[in-house]
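Features reported for this protein in Swiss-Prot:
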{"type": "SIGNAL", "residues": "1-29", "note": "signal peptide"}
{"type": "TOPO_DOM", "residues": "30-293", "note": "topological domain 'Extracellular'"}
{"type": "REPEAT", "residues": "97-118", "note": "repeat 'LRR 1'"}
{"type": "REPEAT", "residues": "119-140", "note": "repeat 'LRR 2'"}
{"type": "REPEAT", "residues": "143-164", "note": "repeat 'LRR 3'"}
{"type": "REPEAT", "residues": "167-190", "note": "repeat 'LRR 4'"}
{"type": "REPEAT", "residues": "191-213", "note": "repeat 'LRR 5'"}
{"type": "REPEAT", "residues": "214-234", "note": "repeat 'LRR 6'"}
{"type": "REGION", "residues": "242-287", "note": "region 'Disordered'"}
{"type": "COMPBIAS", "residues": "248-257", "note": "compositional bias 'Pro residues'"}
{"type": "COMPBIAS", "residues": "268-286", "note": "compositional bias 'Basic and acidic residues'"}
{"type": "REGION", "residues": "322-355", "note": "region 'Disordered'"}
{"type": "REGION", "residues": "364-383", "note": "region 'Disordered'"}
{"type": "MOD_RES", "residues": "377", "note": "phosphoserine"}
{"type": "DOMAIN", "residues": "416-690", "note": "domain 'Protein kinase'"}
{"type": "BINDING", "residues": "422, 423, 424, 425, 426, 427, 428, 429, 430, 444", "note": "ATP binding site"}
{"type": "REGION", "residues": "700-719", "note": "region 'Disordered'"}
């Protein structure tokens, strides 16, 4: 009987405890109060399910984005939820167990709070609208390892004291308006591996970074001056858009103390004493040089003079026996005195052999010609008197790729007239070229910023590699020109222009892409990327996936243009990083480095364009809708919201299930974390299944430009 009463009592206690848990909550009271205040500061957004402005139980009720350990809140992750308002920060320091706070990619603004959770290890406030200076309160978060304030509206001098933040490994202040020199306390960041300061207005030198264990540094597009410390030259460094000195660094001014721990410090005392002793010895050691020393100098001069005379007599005698052909036979390499025309001998074209001229006997020398740096430019004065050894290129371009002259391309493009200008991209302008035989091609003039004039051999090698790409959805390279310092590539021409023009031009005609055609374009582009990523060996990272580089033929089949160009141009990464059109993956914006996964992200953005008809970044829209990814991503799994974001040009004519599955593929491709993005082969499979199901329940009404020409648009075209 007693045992039964014990069981009843225990059961009663459990019930009472359970009820008390709901009365008092499972969450620490101070944590709950802090989250209530934060919720109010963000205007009580509906997307934060379970959250309340008063009381509640964040841990017990599973508030969205909140992670707990026991009764304490340890993580808050609310990235990309279109949150607005401020941080309501006067209670944040109560979250003493919080180790991660991620509010990135929202519309939060105002100044940063005066106090932050004291034990944060990761703080991400990137891609918001925060203003003012970076709060000094960040100086007190000593456990901090990751801090990202990039893509905000901060300005002025950085007010943070970094002397206590020696655990910090990643720091991102990029794309703000910070000014003045870097804080001296940067030198205390002894664990810092990655630093992103690009696109600000910092000035002064970067000497304070010299002693840090950095592996990645991006300081592009600031006002830095001075010299790059030698310790930074062996890391991943992006520094364009500054005014750094390119010459050797000057020696330290007189009186500058030597670097701590350097050998010169150890010997300095002895040198100083020697100098002092010589001064104290008086005039006896300043009066002159001894007789023995004078005799030694005279004998040395006589020996050197005799050797010089003998050398010149020998050279003169030998030069009389030399014929002009002796010079040409040296090392079996032809060379000549250069005129104003520079002839280059490439094995890819038999007609481009080097002219060999006989040298005048009076100018003949029998010295082995020095190797010529192909990157070196010769001015007119040098080129009229110095022999130039021309390097032979051993790269062979496929025979079906034609070598054009500049004159040929000038005639075909009307001297590269504006009337024939098709577009302008990151690496140069593209012109329509019509040849005498009626053939129409597209000619791209590669800017010298992308490929300097002296790098013709590199250009030939690049052409050879791109010419070997062979896929029906990759624009074919059919010719090239390397003449007079110009580098041009010639592609097949597609009269319907680019996908960008179809989607974003105001003319009604450009809005006629029906749903099936959009899926067809997505699938064809995916197959092109699958070829580059998984068929080519080694894999090719395109780096420049965007709607402007997807050309459409008369049947609206997509052709990926400029494929491989960015992978082989030496300055491609730097040029691409200077312009962010909304296609760049988050990791590219942070590090400037491209990968197969960043290509997949960019492809996801193109799919969003096909879905919504919007540009990846549109400054004419409201702030919350300027970034297509940030605006669209939270709505991709909500069928009602999805229907509202579809391109109005479709006029509601699309299969709802097809639309939903299309959105699912997009969501996978634009995952913030690259490891969660699928390989292109899986993307292709998903789109193929989408097409197959569309064939069974086809619901497409509309007229494509191809249909106006008399050809029917059928889903079988993109099977």
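Residue positions begin at 1 at the first shown residue.
Note: Cβ is positioned from N, Cα and C throughout, glycine not excepted.
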Checklist outcome for this item: By a three-class reduction of DSSP, residue 428 (ATP binding site) is assigned strand
Checklist outcome for this item: For residue 424 (ATP binding site), the number of neighbouring Cβ atoms whose distance to its own Cβ is within 10 Å equals 13
Checklist entry - Who are the chain neighbours of the repeat 'LRR 6' (214-234) in space, where the CB to CB distance is under 8 Å and they lie at least 6 residues beyond its ends? => result 174, 192-207, 240-245, 249, 574, 577-578, 590-592
Checklist outcome for this item: residue 422 (ATP binding site) falls, by three-state DSSP, under strand
Checklist outcome for this item: Excluding 422, 423, 424, 425, 426, 427, 428, 429, 430, 444 themselves, the ATP site's Cβ centre has within 8 Å the residues 445
Checklist entry - Given the binding-site residues 422, 426, 428, 430, which one's Cβ is surrounded by the fewest other Cβ atoms within 10 Å? => result 422
Checklist entry - Is the repeat 'LRR 2' (119-140) packed against any residues at least 6 beyond its ends, judged by a Cβ distance under 8 Å, and which are they? => result 79, 96-113, 146-165, 167, 172-173, 178, 623, 627, 630
Next on the checklist: Going by DSSP assignments with H, G and I as helix and E and B as strand, what are the residue counts for the repeat 'LRR 2' (119-140)?
Outcome noted: 5 helix, 5 strand, 12 coil
Checklist outcome for this item: The largest Cα to Cα distance in Å among the residues 422, 423, 424, 425, 426, 427, 428, 429, 430, 444, listed in the record as binding ATP, is 14
Checklist entry - What is the number of residues in the repeat 'LRR 6' (214-234) that are helix, strand and coil, as DSSP sees it? => result 3 helix, 5 strand, 13 coil
